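S.K.: Quick one: the structure is below, and I'll ask about it shortly.
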């Protein structure tokens, strides 16, 4: 755009009848600030050099200096000053002569965006006073020496989050003299979980270290009976990540004036993390083909994804729920909002928030895939962010569910949250945002319904305990698992649970009463199903056990269907069908084993090696049906990581990754990834093939930058085998 056209645009702006100035929603854009702002005509003899003039500003912005130390921002790999709001920081100003408070008058100006305005919090003039008031903008002189003064500056506890430009303005009788635009004095201001007046204040130091400052985390996956875990590198302090996270808010077009509010930031971020409807960060793919992109299981952390998006401005391919949650966690922690990654096992993906998942059975008692639309995810990952909720009644602050995985639209966009965990637990789902959806994810019941020939529906059985069996997160200060199910729901079957459910129904969560349909369960026979733990590529057995509590003899026509499924519970195909007749003696138990051969499942296996078994049994004498479903996950081989050489910051060391192929087939087009925040940047390498039982070894040389306990994370991916991980804790010594 040439000069002339751009000035024409400038002139035309006020003619917009909707608003005097365009929306101010980019932290990156700037306005021009005059170095001399004259009050009127300037007399001929005026020489700006006769007045107080700023020669230099020293920001105390090095990681070891006072500001970054006191503000817990010394880990950010960023040369500029980064402080947290509501807490004083220091700068030193050098003038051309000693400062005389009687006659000299100067002030500071912090500006953000293209159209700074004082009432919007994007233009902040700060006069120097004698006292700093907690939680309000202000500055006072704490030291004077020769031509310099040292200031202590307090920012507001509701101040906008982002990058401010700093100017020092000096008053003269004929106009205001300002310092030149100098990007070295730019100041990032972040949320402050250490400050009691901040909306994200968290009172426990150990929790702040975990939920704000820890740059590595754990993702729990697998299923309830077989919990698996892997590390994820959040990397919120790595180079350019802070700018990339601020860019996400520009991309979401969040007005600058709204960026001091963690509720607004979470809501827009949950939409921009996924690419649906706004070209956001990650494109989801659940169909096992990942052309022109990276398989979701191959990512080891968030840094590559955010940096690629920041430079290309195009969605990064591909993600699934833990990738969305990992990147969202990086975003939140980077801006200073305490956050953690949550896994809900047996998560209901129900399309109309009616607390009921319907599985339809045909005449033989098999699940009818044509009619069954609902699915149970083996697990689903989301995030919790910690904040007060002044928009809700007292008691609903604290952890809030936010979810960047695109599942359902909310107010017209694919986003979810923030929804108060406390409100979900007590059934108060009337409080914004998206609480009914999350309530259904952890509380739905499974209805097994048989379609009769005449079109009537008969409910054969109801499973009230399968969904949301276990909700977990990483423990504070360790790599173990913390069970937080009790934070989302009362104990199954307790009075409180009933009350919470009635409250949720009262607030509009739809729950069909059993009275609408005919339902008499078979109470005197129980059926249970167990799958043996199995390693990928091996045979394993499953066991069906009946317990006949009555005094009658029964025969049960039993049907087992084994399906290879996506972790979302959606079936790819049925690989095993088996039916048999079981004789049930009175008052006794009987077990039946079925062998699953590797040849039956290997050719169609999906990347998370997940199976889903449906077992239905019809008691011939009574016509009643028993139904049970179970997910099971195979053991996937792991990578081995070791180090060679001294582990000292600034010295070269080697990292060695090894993998032995346990499958009865050659692996082709294998990609290895390795990363470790503070030790090495992510690197990846292609290998052509790994024959059966042969071992691949990859050695990488690196120079660790930061001392302390660090984690190395590696992943292997190829078409035949995914979700292969390895990790190693390393203690890097100080030089």
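Residue numbering: from 1, along the chain as shown.
Note: Cβ is positioned from N, Cα and C throughout, glycine not excepted.
As annotated by TrEMBL, region 'Disordered' applies to 1-31. The domain 'Transglutaminase-like' annotation in TrEMBL covers 313-406. Under the heading active site, TrEMBL lists 321, 380, 403. Summarising the annotation, TrEMBL assigns Ca(2+) binding site to 443, 445, 492, 497.
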S.K.: Can you tell which of 403, 445, 492, 497 has the least company, meaning the fewest other C-beta atoms within 10 angstroms of its C-beta, among these recorded positions?
M.R.: 492
S.K.: Cα-Cα separation of residue 403 (active site) and residue 380 (active site), in Å?
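M.R.: Cα of residue 403 (active site) to Cα of residue 380 (active site) measures 10 Å after rounding.
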S.K.: Going by a 10 angstroms cut-off between Cβ atoms, which of the recorded positions 321, 380, 443 has the sparsest surroundings?
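M.R.: Ranked by other Cβ atoms within 10 Å, the recorded positions 321, 380, 443 bottom out at 443.
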S.K.: Do me a favour and check the Cα-Cα span between residue 321 (active site) and residue 492 (Ca(2+) binding site); whole Å is fine.
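M.R.: Residue 321 (active site) and residue 492 (Ca(2+) binding site) have their Cα atoms 27 Å apart.
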S.K.: How many Å lie between the Cα of residue 443 (Ca(2+) binding site) and the Cα of residue 380 (active site)?
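M.R.: Cα of residue 443 (Ca(2+) binding site) to Cα of residue 380 (active site) measures 14 Å after rounding.
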S.K.: Could you round the CA separation between residue 497 (Ca(2+) binding site) and residue 380 (active site) to a whole angstrom and send it over?
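M.R.: With the alpha carbons as reference points, the distance is 22 Å.
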S.K.: At the Cα level, what's the spacing in Å between residue 445 (Ca(2+) binding site) and residue 380 (active site), rounded?
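M.R.: Cα to Cα, residue 445 (Ca(2+) binding site) and residue 380 (active site) are separated by 17 Å.
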S.K.: DSSP on the domain 'Transglutaminase-like' (313-406): how many residues come out helix, how many strand, how many coil?
M.R.: 15 helix, 41 strand, 38 coil
S.K.: Residues near the Ca(2+) site, 443, 445, 492, 497 excluded, by Cβ within 8 Å of the Cβ center?
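M.R.: My list of surrounding residues reads 464, 465, 467, 468, 489, 493, 501.
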S.K.: How long is the line from the C-alpha of residue 492 (Ca(2+) binding site) to the C-alpha of residue 380 (active site), rounded to the nearest angstrom?
M.R.: 20
